[in-house]
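The block underneath contains the structure these notes are about, expressed in structure tokens.
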């Protein structure tokens, strides 16, 4: 394994990849350029601060790993790695999946409540229902970036259990809203607490798993969104059979709110603030996890907040390209999640049957998602699955738009939904896996999800009642943005390929000159040996 070091920047520049090196007076570090002296007989000065640390890590890696992958980190085939992964898969993934399941259940139940008579009973008129759908995303967007940082400050048990308690109680309380104003208030509150869940789960899993282990595990979690939509339809159907003094939509909120509150103890007592302190690991495994962090390119448990990392994410064009792509993707996802029962009702099905007709759609979506996740991790690629999912969704939208036959339109909904979760999840995984330090990744994901969730503000206004039964405007806008997301995904491929080519040029030049490959821990994904995934 090659030695690594940081370099001062001489006058002749041959590359523009940013690194950090100490100032001449020994003051606080500042960003400089990694460069190589072109003049013969002149050697660039070496700074051994990172060299010593990386040499220690190299020794640790040799001790810990029986085999290594291309990045020089312990392979998943390492016996201890397998033990740790197995326990995380058994204990953490179900908890994260259930949390996301409950979040989506309470987020999208307004669609089922509407089919069950919500607007009629609380006297919503005109576009008031659409406004109630939309305002949820106003606070959801604002609290998205907060979730990633609160996770680090408060720790998973406290942060996640508080959010679950609050949005469960709010969902339960929604059963007793009497008018438009009250529904607006509870939707705003619900958006605030649910907005922190998805980014927190994403960041937590990126701390626990290596990026090549990430997609399949996240598929289990993200598919919970698909299953929650199916389960929500079943709950709505069951609530329609209850004979009581309350309305069907009230029972939907009561049942789903109580389910969420019932799971709070599992998060308050089942998680630990630090992964290595988890109750299900033995002493040997806890020690291994502490050492394992040192071989992960994307997490340092001792990392402290610094504005430098925030700025690194903000000025990275790849952050914004991913965010804009997610806006187009989520515009369809959020729109369909809330309005699908209404769209199916417009195809001629009764309200009760429409609730049931959503169940097999989301079940198939979950299966497709799992298949894509397995192959995405296996071939270590993200972009082909985003492109394929966007194309599939576009074809489905075109079928629903182009036909007036109810059976054909219902078939188009199946095609449409097979892609809406794959492209959204892979987009976030792609950015997360290609972003290094914790706070840089937290900022990048915050920006990404701010744009993605912001699309909910638009989706709530493009599927309006006056456009029934075909919703031509809403579906046409969704189709246009899917095509736009395909374009932005291609842009990201170009950007990552260009960065990888620059890094390869640096490595080749170092090898040619017999020099160690430069490294700085503060710029993890900017380092030459960090290869971006496509």
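Note: Cβ is positioned from N, Cα and C throughout, glycine not excepted.
Taken from Swiss-Prot, the feature topological domain 'Extracellular' covers 1-130 (among others).
Annotation comment: Swiss-Prot describes 21-56 as region 'Disordered'.
Taken from Swiss-Prot, the feature phosphoserine applies to 27, supported by a large-scale study or a structure entry.
Feature annotation from Swiss-Prot assigns transmembrane segment to 131-151 (among others); the stated evidence is sequence analysis.
The annotation transmembrane segment is assigned in Swiss-Prot to 153-173 (among others) on the grounds of sequence analysis.
For 174-187 (among others), the entry in Swiss-Prot reads topological domain 'Extracellular'. Confidence in the topological domain 'Extracellular' (174-187), given as mean pLDDT, stands at 96.
The annotation transmembrane segment is assigned in Swiss-Prot to 188-208 (among others). Below 8 angstroms of C-beta separation, residues 88, 92, 96, 99-100, 103, 106-107, 135-148, 150-152, 156, 159-160, 163, 166-167, 170-171, 174, 214, 217-218, 221, 275, 298-299, 428, 432-433, 438, 441-442, 445-446, 449, 453 of the same chain, each at least six residues beyond the ends of the transmembrane segment (188-208), sit close to that stretch.
Look at Swiss-Prot and you will find 209-217 (among others) tagged as topological domain 'Cytoplasmic'.
Remote same-chain residues near the transmembrane segment (218-238) are listed as 93-94, 96-98, 100-102, 104-105, 108-109, 112-113, 115-116, 201-202, 205, 248, 252, 255-256, 337, 340-341, 352, 355-363, 365-366, 369-370, 372-374, 421, 425, 429 (criterion: CB distance under 8 Å, separation of at least six residues from the stretch ends). The transmembrane segment annotation in Swiss-Prot covers 218-238 (among others) and rests on sequence analysis.
The topological domain 'Extracellular' annotation in Swiss-Prot covers 239-250 (among others).
As annotated by Swiss-Prot, transmembrane segment applies to 251-271 (among others), with the evidence given as sequence analysis.
According to Swiss-Prot, the topological domain 'Cytoplasmic' annotation covers 272-323 (among others).
Under the heading ubiquitin cross-link, Swiss-Prot lists 283, citing experimental evidence as support. The secondary structure of residue 283 (ubiquitin cross-link), as reduced to three states from DSSP, is helical.
Using a Cβ-Cβ cut-off under 8 Å and counting only residues 6 or more beyond its ends in the same chain, the transmembrane segment (324-344) has close neighbours at 104, 107-108, 110-112, 114-115, 133, 137, 225, 229, 233, 236, 354-355, 357-358, 361, 386, 390, 393, 397, 410, 413, 416-417, 420-421, 423-424, 427-428, 448-449, 451-456, 458-460, 462-463, 468, 471, 474, 477-478, 481-482, 484-485, 488-489, 492. Annotated transmembrane segment per Swiss-Prot: 324-344 (among others), in sequence order, evidence recorded as sequence analysis.
Among the features that Swiss-Prot reports, topological domain 'Extracellular' is placed at 345-355 (among others), with the record citing sequence analysis.
Marked as transmembrane segment by Swiss-Prot: 356-376 (among others). Under 8 Å from some Cβ of the transmembrane segment (356-376) lie the Cβ atoms of residues 215-216, 218-220, 222-223, 226-227, 229-230, 232-234, 237, 340-341, 344, 349, 382, 385, 388-389, 410, 413-414, 417-422, 425-426, 429, all in the same chain and six or more residues away from its ends.
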### Message
Between the transmembrane segment (411-431) and the transmembrane segment (131-151), are there three or more CB pairs that fall under 8 A, provided the residues in each pair are separated by 6 or more in sequence?
### Response
no
## Note on the structure
Sequence-distant residues near the topological domain 'Extracellular' (174-187) by C-beta distance (under 8 Å, 6 or more away from its ends) are 110, 122-124, 128, 131-133, 135-136, 246, 249-254, 257
### Query
Just counting, how many other CB atoms are there within 10 A of the CB of residue 283 (ubiquitin cross-link)?
7
### Task
Using DSSP, tally how many residues of the topological domain 'Cytoplasmic' (432-444) sit in helix, strand and coil.
9 helix, 0 strand, 4 coil
### Summary
Most Cβ pairs under 8 Å to the transmembrane segment (445-465), of 385-405, 411-431, 475-495, goes to 411-431
### Task
Count the residues of the topological domain 'Extracellular' (406-410) that DSSP assigns to helix (H, G, I), to strand (E, B) and to coil, and report the three numbers in that order.
5 helix, 0 strand, 0 coil
